[in-house]
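K.L.:
The structure's right below; bear with me while I get my questions together.
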Amino acid sequence: MPAAIMWPLLIGIWVITLIRLAVMREAPAQRRINMVLLFWAVPATLRAPAVQSALAPYLTDVAIIRPLTHLCVMLAGAAILGLAAALTEGADEPSWRQPAVYAFTLALGVSLLMLSQKSRDAGLTIEAAGGWQCAVYFVLYSMPIVVAVCVALVICYEFLRSGPGRLEWVMAVIVGVMCLFSLVDNLTRPVAAFFSAAHVDNALTRWRAGSNDVLFLPEVALIAVVSFVPVVAMWMRRRELRQLESMWSTLTAAVPQVVLPAAGFEERLHRTVVEIWDATMQLEPYTSAAVDADLESELDRRGLHGDTRSAVRRSVQLLRACERKRTGRGPLDAAAAGVADAPHDDLTDETRALLRLARSWRLAATIAHTEPSEARDLRRTDTRERSAVPGPPVVSAGSAI
């Protein structure tokens with residue numbers, strides 16, 4: 001492969017791998033993907049002629065690099081099996097099994113060093129040396145990869161049957177196609193090895209000799225790109241969490257009882273969305289449904305229209321409800337209180353609706369406090385209050401974010 005293509009692919013693989021190792025560490029499935037990429041990135045690098053030339057002065061036998069790359073690829077197959085277990089079993093996966101899979105695969109990989117010793121001493125590739133060692137070598141080499149790829153294909157098939165979203169569907173199709181290529185590659189490898197063991201030269205052995213390293217690097221690069229999609233999605237969700245933080249802090253300070261402990265980033269985002277919706281429901285009795293002429297005039301003055309205007313209006317209402325509850329005033333009567341927001345179909349819709357409010361929260365806070373609360377209180381009658389019972393004390397809820 002030309003260096004102008006090889007090096008950008010290698011650099012891209014390592015950049016994605018290192019980023020994933022740094023940020024995708026919570027979920028077991030994501031950690032297994034990290035290991036797959038790492039076990040692939042090492043042989044992809046070691047196969048580069050410039051890297052082998054740089055290592056040659058430090059190695060007594062530079063030919064040992066090839067079985068070492070095969071060992072890494074086998075360990076990647078073991079990591080794929082672990083990924084499949086993490087996706088299908090989750091927390092029910094026995095803690096001892098994946099280390100045992102790695103240990104068994106490592107033992108198979110070490111046997112490759114022994115099987116290739118004779119050919120390396122003779123200065124030949126194991127295919128050129130032939131013999132039974134060649135056949136056994138490639139059977140052992142292909143075995144973990146074939147098993148892992150078959151399991152991955154089954155998972156892709158079941159995932160596609162579940163009706164995923166468009167992006168997830170595209171990712172699953174790409175992974176499935178790459179698995180099919182890998183399956184063909186690793187099934188033909190031991191077949192060609194049996195011909196090489198018998199010193200038979202045919203079209204299959206010649207094709208295998210020319211295709212060993214050509215497809216590997218592009219395949220790894222494509223899988224690395226696909227594996228980077230969850231990283232981008234995680235960054236976007238972190239951004240959403242930061243956008244929701246100010247609104248969450250204000251609402252949960254007024255209604256602290258809705259806050260529950262959360263462990264892990266994914267659960268924290270989910271809990272934040274749920275707690276905000278719970279807080280808005282709790283604050284509805286304190287939210288006025290009456291048209292506020294001053295507020296509408298202020299929105300007109302600022303040139304706010306459409307969804308932005310609705311979001312700012314709703315945010316101002318919630319902020320005033322928080323202030324009313326915080327200062328110990330009772331809820332409004334049923335006729336004056338607001339109507340709860342309509343429920344959404346799923347968490348994604350809820351998050352999208354809350355983000356519209358969160359993006360207007362700072363502006364809404366400015367508008368809500370444009371008029372001193374004491375002046376607003378003088379204009380409001382107390383006949384709407386049905387209770388003078390103080391609200392719960394304001395507590396610091398920021399630790400849950």
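First residue shown is number 1, and so on along the chain.
For all residues, glycine too, the Cβ spot is worked out from N, Cα and C.
Annotations for this protein, taken from TrEMBL, read as follows:
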- 6-23: transmembrane segment (TRANSMEM)
- 68-87: transmembrane segment (TRANSMEM)
- 99-116: transmembrane segment (TRANSMEM)
- 136-160: transmembrane segment (TRANSMEM)
- 167-184: transmembrane segment (TRANSMEM)
- 214-236: transmembrane segment (TRANSMEM)
- 235-362: domain 'DUF6545' (DOMAIN)
- 372-387: compositional bias 'Basic and acidic residues' (COMPBIAS)
- 372-401: region 'Disordered' (REGION)
K.L.:
Which range out of 6-23, 68-87, 99-116, 167-184 gives the transmembrane segment (136-160) the most CB pairs under 8 Å?
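P.N.:
Stretch with maximum Cβ contacts: 68-87.
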K.L.:
Tally Cβ pairs under 8 Å between the transmembrane segment (99-116) and each listed stretch (6-23, 68-87, 214-236), then give the stretch with the top tally.
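P.N.:
Result: 68-87.
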K.L.:
How about long-range neighbours of the transmembrane segment (214-236): same chain, 6 or more residues beyond its ends, C-beta under 8 Å?
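P.N.:
Cβ under 8 Å, 6 or more out: 1, 6, 9-10, 12-13, 16-17, 19-20, 23-24, 30, 33, 36-37, 40-41, 43-44, 47, 167, 171, 174-175, 178, 181-182, 185, 265.
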K.L.:
Across the domain 'DUF6545' (235-362), what does the mean pLDDT come to, as a whole number?
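P.N.:
Mean model confidence (pLDDT) across the domain 'DUF6545' (235-362) is 83.
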K.L.:
Please list, for the domain 'DUF6545' (235-362), how many residues fall into helix, strand and coil according to DSSP.
P.N.:
90 helix, 3 strand, 35 coil
